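Asks: First, the structure itself, so that you have it in front of you.
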């Protein structure tokens with residue numbers, strides 16, 4: 001049986017409508033990205049067209065021949081087909097583990113009228129998430145653990161409802177964003193565990209978080225993750241991930257202090273000690 005790498009970016013993603021088609025497939029990377037422009041078709045699903053200047057985010061899977069046939073059927077693709085809805089071609093997919101050649105479904109040239117609305121940040125799940133108006137669950141793992149910073153910014157009223165302490169499995173906290181005074185926190189998909197706080201925040205708080213995280217200057221990007229909290233899986237929780245990862249750099253003392261101060265009494269002592277030891281190794 002042949003195996004194929006496939007990059008998915010829309011309704012085949014985790015917790016989306018057609019993800020069941022990939023339930024038995026092997027997840028290679030939950031955080032993956034590639035060159036392309038992402039559009040809303042207005043039909044309940046997105047489409048990608050080729051681009052060397054924009055980025056599309058999604059997930060990378062290793063699938064069987066049977067999976068691939070099911071995906072081809074969903075995407076309206078036939079080999080040598082003249083009226084395909086999408087084309088299926090290979091291109092380079094990036095992830096925290098490296099780079100992989102994988103299939104991606106892009107809109108067929110004769111169907112480019114489907115490309116209705118550009119999707120900001122190149123992430124279908126985030127695009128859908130931003131359409132809601134209710135409260136948001138937000139996973140904080142870095143300096144946003146620290147309530148003192150919220151008070152200083154005059155936004156502490158947004159962060160009064162702590163839903164709980166959660167674990168993000170499959171990731172490790174690293175300091176991969178290099179600023180002039182040192183590294184800033186990031187989550188890297190390498191099989192570890194990240195502990196953090198989950199806040200329930202009002203929708204209007206997103207403007208503050210996007211500004212603080214440098215979303216519009218491509219410092220961090222919003223992402224939706226599944227976390228474990230009180231023994232339950234909480235799906236599609238908001239967090240932020242570094243866009244362009246640098247080599248790890250020791251964080252400034254004040255920044256590490258914010259993480260420790262915010263996490264103390266909430267995160268496990270073992271986790272905090274391990275984090276402190278890791279920072280010592282970076283010095």
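Cβ from N, Cα, C; glycine included.
TrEMBL: automatically predicted annotations, no manual curation.
OK, TrEMBL features for this one:
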type     : residues                     : note
ACT_SITE : 213                          : active site, proton acceptor
BINDING  : 138, 139, 140, 141, 142, 143 : substrate binding site
DOMAIN   : 6-125                        : domain 'Gamma-glutamylcyclotransferase AIG2-like'
Asks: Using CB atoms and a 10 A radius, I'd like the single residue among the binding-site residues 138, 139, 141 with the highest neighbour count.
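Replies: Per the Cβ count within 10 Å, the most buried is 139.
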Asks: Would you mind giving the whole-number mean pLDDT across the domain 'Gamma-glutamylcyclotransferase AIG2-like' (6-125)?
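Replies: Looking only at the domain 'Gamma-glutamylcyclotransferase AIG2-like' (6-125), pLDDT averages out to 97.
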Asks: Taking the Cβ of residue 213 (active site, proton acceptor) as the centre, count every other Cβ atom within 10 Å, in any protein chain shown.
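Replies: Step by step: centre on the Cβ of residue 213 (active site, proton acceptor), count other Cβ atoms within 10 Å, giving 20.
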Asks: Within the domain 'Gamma-glutamylcyclotransferase AIG2-like' (6-125), count helix residues (DSSP H, G, I), strand residues (E, B) and coil residues, in that order.
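Replies: Split into helix, strand and coil, the domain 'Gamma-glutamylcyclotransferase AIG2-like' (6-125) gives 25 helix, 53 strand, 42 coil.
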Asks: State the Cα to Cα distance, in Å, between residue 138 (substrate binding site) and residue 213 (active site, proton acceptor), rounded to an integer.
Replies: 13
Asks: Excluding 138, 139, 140, 141, 142, 143, please set out which residues of the same chain place their CB within 8 Å of the center of the CB atoms of the substrate site, keeping sequence order.
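Replies: Those within range, site residues removed, are 144, 145, 185, 196, 197, 239, 240.
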Asks: Across all chains shown, how many C-beta atoms besides its own are within 10 angstroms of the C-beta of residue 143 (substrate binding site)?
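Replies: Residue 143 (substrate binding site) is surrounded by 20 other Cβ atoms within 10 Å.
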Asks: Between the Cα atoms of residue 140 (substrate binding site) and residue 213 (active site, proton acceptor), find the distance and write it as a whole number of Å.
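Replies: A Cα-Cα distance of 11 Å.
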